[in-house]
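See below for the structure under consideration.
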Amino acid sequence: MANGGGGGGGGGSGLRMSSNIHANHLSLDASSSSSSSSSSSSSSSSSVHEPKMNALIIPVTMEVPCDSRGQRMWWAFLASSMVTFFGGLFIILLWRTLKYLWTVCCHCGGKAKEAQKINNGSSQADGTLKPADEKEEVVAAEVGWMTSVKDWAGVMISAQTLTGRVLVVLVFALSIGALVIYFIDSSNPIESCQNFYKDFTLQIDMAFNVFFLLYFGLRFIAANDKLWFWLEVNSVVDFFTVPPVFVSVYLNRSWLGLRFLRALRLIQFSEILQFLNILKTSNSIKLVNLLSIFISTWLTAAGFIHLVENSGDPWENFQNHQALTYWECVYLLMVTMSTVGYGDVYAKTTLGRLFMVFFILGGLAMFASYVPEIIELIGNRKKYGGSYSAVSGRKHIVVCGHITLESVSNFLKDFLHKDRDDVNVEIVFLHNISPNLELEALFKRHFTQVEFYQGSVLNPHDLARVKIESADACLILANKYCADPDAEDASNIMRVISIKNYHPKIRIITQMLQYHNKAHLLNIPSWNWKEGDDAICLAELKLGFIAQSCLAQGLSTMLANLFSMRSFIKIEEDTWQKYYLEGVSNEMYTEYLSSAFVGLSFPTVCELCFVKLKLLMIAIEYKSANRESRSRKRILINPGNHLKIQEGTLGFFIASDAKEVKRAFFYCKACHDDITDPKRIKKCGCKRLEDEQPSTLSPKKKQRNGGMRNSPGSSPKLMRHDPLLIPGNDQIDNMDSNVKKYDSTGMFHWCAPKEIEKVILTRSEAAMTVLSGHVVVCIFGDVSSALIGLRNLVMPLRASNFHYHELKHIVFVGSIEYLKREWETLHNFPKVSILPGTPLSRADLRAVNINLCDMCVILSANQNNIDDTSLQDKECILASLNIKSMQFDDSIGVLQANSQGFTPPGMDRTSPDNSPVHGMLRQPSITTGVNIPIITELAKPGKLPLVSVNQEKNSGTHILMITELVNDTNVQFLDQDDDDDPDTELYLTQPFACGTAFAVSVLDSLMSATYFNDNILTLIRTLVTGGATPELEALIAEENALRGGYSTPQTLANRDRCRVAQLALLDGPFADLGDGGCYGDLFCKALKTYNMLCFGIYRLRDAHLSTPSQCTKRYVITNPPYEFELVPTDLIFCLMQFDHNAGQSRASLSHSSHSSQSSSKKSSSVHSIPSTANRPNRPKSRESRDKQNRKEMVYR
């Protein structure tokens, strides 16, 4: 009866339980139901007196031979883990205890044996040593075997080898897999009966845990301290997760249990990522560590709450359980840690609540410390820290260095200009400082072609991020306004070294501030200018531009506008701005010449391009026919009529658009000869047939718009003509080759080094010196000022394509302490004097006859030492205004000078070519060459007669002047009578248009111009520097000075190169075109008659007005059209051929031993300009006055 009651109770309990279990579990079998129906009274009493038996019943499937009574077996799973843990701990402690006791016993036995050994004597000692040695060898062998196994196990788990790394990563991946299986099983009841052979997740979990068991064994063998290893977190995780799996297979049932402890393996996530070289920075490692600890603690605690809440308290017979999913527990733990506690989910069991009490203490502390730090690390993560992804079919360049809003905006405005046609290049900026809001907005406006990455080119990792190895070029911008130029250059040189070290073949274009620092680039083994590497020296080009303005004022403005991309601004009003802006829209381009030009002379092709194609060609890339230089391509500027165009010749053009220059390539005489509209000149059928035939052009296609890079081995150089091609070259043999007059390259005038004391003038000596037509350089600087490199200013003025008597005397006015530092680079140049003083002293300026100079240059070496940008140019502006406000009378002049005038230091009377007149006269002269007359120097209006003092020009405002500025906005202070707005761009201001101001910022455009066409930089450097070549730079890098050389036919041939001059229309052979003539007629006449190539006009500002004006300011008009009307006061910019005969004529004059009267007549006859059509209203007295002035000067 008792058994029946028990059975009925069991059956009743089973029926009641069936109503509460999940739908996927079956009820108890039929036998239990029949038992319960035979004893209904016992059943009811059992249900009343045994309510706690309900919690012990679990669902049983018909397929699993599970316990029919439904008894829980959770204690078996837990016991397996506890027995394993404590059993192993007991064994380890027991082993340590026995080992300790054995060590103590052996220690005592060793002392006894030692005492016995001493008592028995040496004979007994020898007998006992042998077995002791044998035992020691056996122990050593055993230790060696165990050590090797231990070392092998240590290597396997330490990730020192590839196998070890794979093993560690695999263990972590399997641990995450086991955790995922736990997440899946957490949706099932805590304990259920399962068949191992049919449960796929249980099989996978079993496989994982077998692997964990093997890995545990490796770790145990490799552990030095077994006790500490047994107590490690990873070991505890294995104890409570691995044994229950084996119990589960044996009992055919599953208990969710403590499998959530696998989440603690996430703590090792940062170590795994470091093994894989994914985490490299300290911030990333710290961030992953914080995240992994936080998440693993969160998930583990949620697993414990899930276990106890779904099971209930054991002392309550598990009746107070509640059904919570695992993710609800995760939610509960998060709101608990954050102290929010909504109350929608909460713990009901005593164990759960007790755990929450302790967890909230640690969890709150962790949440309060970890979360803010994680957010801070994520917030400090570089916004621009990604990597560049190259686009197929699209090139990219890397721009680094001085990245600011000003430098980037100037660069992008020129690089992405619409006149460049389609620029299919992506610009990648790399800088170690994140951009400010303005710069960031600029990048967003150009997001289709511009990307920014934060990093440094000195870091190879950052270079890899921007794909420097696949970049088309790397451009390095310099800080033009830095206080220490040498330090800035050193930084850029280090950038070049880092980039070249990472990828030696990358093309680099870098800005340099100081000329002498360019020599350091030659020390880089992979630096190769033949492969396109270029250094744009701002000091060299800036002073070169200013020097060219001393020879032809306004040239600096014209050249600066040519390599800068400017949009055409149309003005309807008839003002000077209209003509100036029409010229500003012109740029310099290159294009291959059509085969229709092959065999024609350069002047013929130049005239055809100008008249028919509306293009101005100023130079070509020429490949010499000489065997010695057959492989060398050279740039010839206006080479003359002796040179014939070859197939595949590259021409240099001045045009307003890259599309216009295509006409020179498409031109076909058969198809386009009768076309008058140049826009209709397009690719014809003849040209298509030529394209199908093998071309003689370089197989390397154009890589950039408007230009072609030099082939390897080609050397872009200033072009000297081959000696055999020079007409009249037989005069070279008559030159005196025993005197060093030029440097070793033959490009510059040279003299023996002079001490600075020999060229210093006192104020009284300068006042007695007869100076006229000279160049006055006002320089501000002191002992601490950075050197600006005055050699770059003097070299173009001492180019060898001038005859000695044509050289303008240079007088420096400034601090002697500063000039002493510069003198080492200047002591080899003739006709240089120094007046110690200050440019702000009017007495010093009057002493050097500033009112009679050809040009006054105002420079400052102190501009970058001032923080306030508006005050950087204060010295130059004050000096400029000081000179303009000076008044001059006729009491001090050349004609009233002492007849025994003082010879300036630096001018040697003993030299036959060093007559005092050479430093003063600016005589117009023309001589006859072999076949064509060549004008060697043409006068400017207002300077005729050249030596006489113009009584009207008694104000400093008439002094020709050019002022260097650092800050563009300060140009508004130079001219008080202009109406320029302070926000006007520099190129639109009147001082810049007139050529009286120059700022280094205009050279920024050279970076993009050089990238698209490296020949442009060579051409500009050739025109500006007077003949500087890479060979000369290498020589200066070795000796820091020019080296004198004897004259040879090869070096003298280098003198035969063009120079820039200004042609006056007021008098001379072109005077007839000054009265309303066309510029095109002047262009053709000058080209045909004198081989002179005209390319611009320097016009009076108010020449367009019908009423006469007293304003003497002029502005620049670049490449005017054919029908442009000329006025008599115009000055024409032209490229003039070198005249060999002018030097001999002057030499014969200097060596003449005749009387002063005969010398005067000779001078007048040789150097007067033959006027083909003098104006009828020209004063008759001027010619006689010229002769009288020359007569007096020669007499002196």
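Glycine too: its Cβ is placed from the backbone N, Cα and C atoms.
Annotated features in TrEMBL:
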- 28-48: region 'Disordered' (REGION)
- 31-47: compositional bias 'Low complexity' (COMPBIAS)
- 73-95: transmembrane segment (TRANSMEM)
- 166-184: transmembrane segment (TRANSMEM)
- 204-222: transmembrane segment (TRANSMEM)
- 287-308: transmembrane segment (TRANSMEM)
- 323-342: transmembrane segment (TRANSMEM)
- 354-372: transmembrane segment (TRANSMEM)
- 394-536: domain 'RCK N-terminal' (DOMAIN)
- 692-720: region 'Disordered' (REGION)
- 772-916: domain 'RCK N-terminal' (DOMAIN)
- 1146-1196: region 'Disordered' (REGION)
- 1146-1171: compositional bias 'Low complexity' (COMPBIAS)
- 1180-1196: compositional bias 'Basic and acidic residues' (COMPBIAS)
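Contact between the transmembrane segment (287-308) and the transmembrane segment (204-222) does not hold: fewer than three of their C-beta pairs are under 8 Å, each pair 6 or more apart in sequence. Within the chain, the transmembrane segment (323-342) has long-range Cβ neighbours (under 8 A, six or more residues past its boundaries) at 183, 186-187, 298-299, 301-303, 305-306, 309-310, 356, 359-360, 363-364, 366-367. The average per-residue pLDDT of the prediction over the domain 'RCK N-terminal' (394-536) is 91, rounded to a whole number. Of the candidate ranges 73-95, 204-222, 354-372, 204-222 contributes the most Cβ pairs within a distance under 8 Å of the transmembrane segment (166-184). Taking Cβ pairs closer than 8 Å, the transmembrane segment (354-372) reaches residues 290, 293-294, 297, 301, 304-305, 308, 333, 336-339, 347 in its own chain, all 6 or more past its ends. Helix, strand and coil content of the domain 'RCK N-terminal' (394-536), in residues and according to DSSP, is 60 helix, 32 strand, 51 coil.
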